[in-house]
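Okay, structure first, notes after.
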Amino acid sequence: MAAHVWLAAALLLLVDWLLLRPMLPGIFSLLVPEVPLLRVWVVGLSRWAILGLGVRGVLGVTAGAHGWLAALQPLVAALSLALPGLALFRELAAWGTLREGDSAGLLYWNSRPDAFAISYVAALPAAALWHKLGSLWAPSGNRDAGDMLCRMLGFLGPKKRRLYLVLVLLILSCLGEMAIPFFTGRITDWILQDKTVPSFTRNIWLMSILTIASTALEFASDGIYNITMGHMHGRVHREVFRAVLRQETGFFLKNPAGSITSRVTEDTANVCESISGTLSLLLWYLGRALCLLVFMFWGSPYLTLVTLINLPLLFLLPKKLGKVHQSLAVKVQESLAKSTQVALEALSAMPTVRSFANEEGEAQKFRQKLEEMKTLNKKEALAYVAEVWTTSVSGMLLKVGILYLGGQLVIRGAVSSGNLVSFVLYQLQFTQAVQVLLSLYPSMQKAVGSSEKIFEYLDRTPCSPLSGSLAPSNMKGLVEFQDVSFAYPNQPKVQVLQGLTFTLHPGTVTALVGPNGSGKSTVAALLQNLYQPTGGQLLLDGQCLVQYDHHYLHTQVAAVGQEPLLFGRSFRENIAYGLNRTPTMEEITAVAVESGAHDFISGFPQGYDTEVGETGNQLSGGQRQAVALARALIRKPLLLILDDATSALDAGNQLRVQRLLYESPKRASRTVLLITQQLSLAEQAHHILFLREGSVGEQGTHLQLMKRGGCYRAMVEALAAPAD
């Protein structure tokens, strides 16, 4: 395979030579001589097309781009477009005075063996740099960094158009920044030519105005950009949080709340800030680099090409040495850790060392590790010096080369002294901008790659079925468990419910009792559609529970737990929580009276507008239960689930709840499931289910179960027995 690749590369080289050598006269004879620039571009584009097809064939044979082969495509582009680009800039710089002989001379010069070789030598580092920049945006995992960046910017919606305005202001600001180098060159020419003072003063004022305008445009650009990115931050936070809320209940069992919260808040904020900050710098320095490049070509296309050819050598070689220095620094740290380990082992086992009289042996061992580290330290220091020296010398050589070549152009009258001064200032800023861009690309890739954390939640499909569509206007509230089995997602092998079958009838109170761990609270969770049965069916009015619309179902089914959670809001907001309408104050007060919450709420100075604190921590357990019961009653549910919801209530409020369940006018249309360990509540229930190991062990009324003398009676007697 390697031999075929080298043979194909040699054939491409030969084709390139033949294209430039024997085919030139034929191509030139077919083109209009009055448009010399057209000839150059036709040859360049033809060369690019032919060589590009050849490269595609080579990459196809090798099943993709690997190693140096990946640089073939940018190499072909650099070779093919270099001369047309040079001819175009010469045309622009000469204001249309490029002659036919100039274009022909460029092409025939490039077909000479020495020039042909020089063009390849010059294009190779440029292609390597091109490939390096391209690899920074290579696909990471299953996503492409560019696609992820576009998706992040997609959160801007219509406001994404503001970025075009930002780019325009940015370019104008960068152009304004060019005033100082430009006028510095002009002032240099005036000083050398003894120009009058008014011209000098006028141009100083013009330079100042352009600089101030550039600063104002930069300020406006930054302001619009930051406001736009702030909109993106808020939108991303909202969408991520909404995506989390869509997940099934099992998702929150597998993932700790702290981890989810960190992902929604801190990780999302860090990713958004990192992307917006890095993108801002990237756009700014890219705009500067492009503006500087235009002014450099305008000043001297020849010196600009010299600068571009040397850029790869200026940055790639120090980068390579930097990797060597970094690897040596890692080895030094590893060597230091080993020497530290030797000392730690000796000191922690000092009695053993002394009992074997091996103090000198441990000292020699430690010294050996230090010698190894010393050798690595020397290599690291040399690599660091080489990196710094190479960076300094390569930059200095480029500056000296530009000054030398520019001086030759000044001597020949091709450019003025002022133009050379301006070009040097442009070139210094341009190399700095390119250096910053090269350092920003990895940062940008890392920032965009971190957005995978966000997309992991945004793209996650909930395991629970989608919301159904049933929303009948008349519902009875008949609940049927038919051979229901269930295991929690985080413990799929542990069956909590097994073959559970029972019916809850409208207008009745059914008490569900049993020992801890028998599955009582799981029944309540299934009735709220927080989980779906792993076996059997759960029906509401003859229809599977998952077929009901999500919002409709939870207006008909309400639950109160033993330790209900309230939100850090007012009593009024907590009672009205989740309603799709705004209840009147009379409705809120009425349900608060029913639940026994009205009396203590009225005792607060701000009444129903009093904040209850985070998770209701300013209230007692009984007060939280009373507010939660009011929150359930205001929905006027057909199915009310009380999961030990009165355990913390005082005697008066418990009596109030009993009246609510058994004497309220609404009880005839309400199905109640009462999960409790309180005998006073269970005894009055119309029907009692005794749950044992996930299935119904006994059922009947209180008197029937007591006469039967089974597990229910044993539990009642155990609870009634005095404590020893």
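Placement of Cβ uses the backbone N, Cα and C atoms for every residue, glycine included.
It should be emphasised that the depicted structure is a prediction, and the values quoted were computed from it without experimental measurement.
Both Leu149 and Gly185 are recorded by Swiss-Prot, but within differently named topological domains on opposite sides of the membrane. Averaged over the topological domain 'Lumenal' (416-419), the predicted model has a pLDDT of 83.
Remote same-chain partners of the topological domain 'Lumenal' (416-419), defined as residues 6 or more beyond its termini with a Cβ less than 8 Å from a stretch Cβ, comprise 184-190, 192, 299-300, 410. Residue counts for the topological domain 'Cytoplasmic' (326-394) by DSSP state, with H, G and I taken as helix and E and B as strand, are 65 helix, 0 strand, 4 coil. Helix, strand and coil counts from DSSP across the region 'Part of the peptide-binding site' (429-463) read 29 helix, 0 strand, 6 coil. Per-class residue totals from DSSP over the topological domain 'Lumenal' (296-304), listed helix then strand then coil: 8 helix, 0 strand, 1 coil.
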